[in-house]
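Engineer: Mind looking over this structure? Questions follow.
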Amino acid sequence: MASKAFPLFSFTLIVFISLFPHAALANSNNEKSSPFDFLKHLQGCHKGDKLKGIHELKTYLEHFGYLNYKNQSQANNDDFDDLLESALKTYQLNYHLKVTGTLDSQTVSKMMMPRCGVPDIINGTTRMTSGKKNQRHSSTSFHTVSHYTFFPGSPKWPPSKYSLTYGFLPQTPSRAMDPVARAFQTWAANTHFRFARVQDYTTADIKIGFYRGNHGDGSSFDGRGGILAHAFAPQDGRFHYDADETWAVGATPGAIDLETVALHEIGHLLGLGHSSVEGAIMFARIPPGSTKGLHSDDIQGIRALYKICSYNGSYWQMRRVSVWMTSLDPKFPYTGIQLMQGKEGVKTLTYIMHVWPRVEWKTPPIILLKWNTDGSSMGQPGKSGIGGVLRDYGGHIKCLFSCPTGELSSNQVELKAMIKALQISKDLIASSHGNHAFIFETDSTNILAWINGSSERPWRDKHLIMEALNLIAQLPHILFLHSNREANSLTDNFAKLELVDNIYVESGSGYFGFLMCFFLRRYRKSPSVRLL
């Protein structure tokens, strides 16, 4: 993780004075004892010992989920019993220490490190050491083992809640906000989530603040050098820093990096538990004077939880996109009337089957749907028509349209085709409350340049361009690609057919699903309707 480039001395002063004026600088002459210092004089103790302070060790392990005494008197005494030994062995196993059941020097050193307040074990279940094999296929197959974990029950944000807001408790120092914002950006760059800061803390999905001691959430802070922060599983949204810690921006000796802790706690907010991989951001312990970024274990974990896949540098959440295509929901935006198997209907399906297998069309990833759109004009302007086909990863046709558009120029008709496909996509998402992801392919380089702003937009077509951009802004996941004319030949043919304004959507599933279509609501208001 990159640190801010300021001279160390002035950097330290700025951080500690402007962030928390009351916080003492970390130095050898002004250090408060850590809440975990009691562990030092317990080093070497083992089962059968009776030593003053062992009850504090029990409290420590109970807080982080390793112990759960049914008899409170056992929890409060100083006897090193069987349950304590078992808990200590589990701790050592989780943190890759030698499993002795004895509080040896390595175990004490690990336990004394500042850490996250979220327990390692929740409801008696630990998964930190349960390696998960991940296989990747290439010319040489290999396996990697991950140690990410989820909260019990794998809670997560619903598919429709991919855009989350966050806000800071009033009086939060302004210099503490930028590191947190960068942490959100890092998670956004590796997931399908989007994060936006809002000024109204009370309305935010994620609420961030600095607190001391017992602050009313059932998880008290313990002062400097112990628990650094904690956050709650989805969809709670609470993220609390311990205000008594010595905080800094970047790697500062004796201080804790705000951004590193934010990265960790956001992982909890999204549904990740602690990892036993020390290099992972979800490792529970963060030593002072260090920074850390996302590890492959963290990324594999969040993508496994939300079934996220990457494509062309973008991240998409896997969903059963067949829901609205194979069974029309009552809220589906179009009225379905079964296509009668008459001469015209048979002609339509024959045409699709004849043309489609010959085109040079590339399949999208399994979780995406791909639009191909095209427009055809006989002049500048001239008689024109548009066509569009929506297909899945198997090449099965899910939706198609073909209709005349009056007299338009070639650029205008290409824009019209894109706009119609965008509108259908928007309606599908709105009706199914889903998070569907679309790829749009067109053979028009002009359209792509105007959409991404790399080319000056002609004033005479600006109204169409702005209409397209407005629709694009309303779609959560969308990617635009260029295709050659051969790959776009099916939509080119539909554009040239100049059929009435009809929409067809698949009503089956599997390889033969596209043979069953529904004739759906007309997009234009003309009373005349005929089939393909």
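Every residue, even glycine, has its Cβ placed from backbone N, Cα and C.
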Engineer: Same Zn(2+) 1 site as His215, Asp217, His230 according to TrEMBL: which of His192, His240?
Structural biologist: His240
Engineer: Where DSSP helix means H, G or I and strand means E or B, what are the helix, strand and coil counts for the domain 'RNase H type-1' (365-500)?
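Structural biologist: Output for the domain 'RNase H type-1' (365-500) reads 55 helix, 43 strand, 38 coil.
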Engineer: Taking the domain 'RNase H type-1' (365-500) alone, what is its mean pLDDT?
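Structural biologist: Summing pLDDT over the domain 'RNase H type-1' (365-500) and dividing by its length gives 77.
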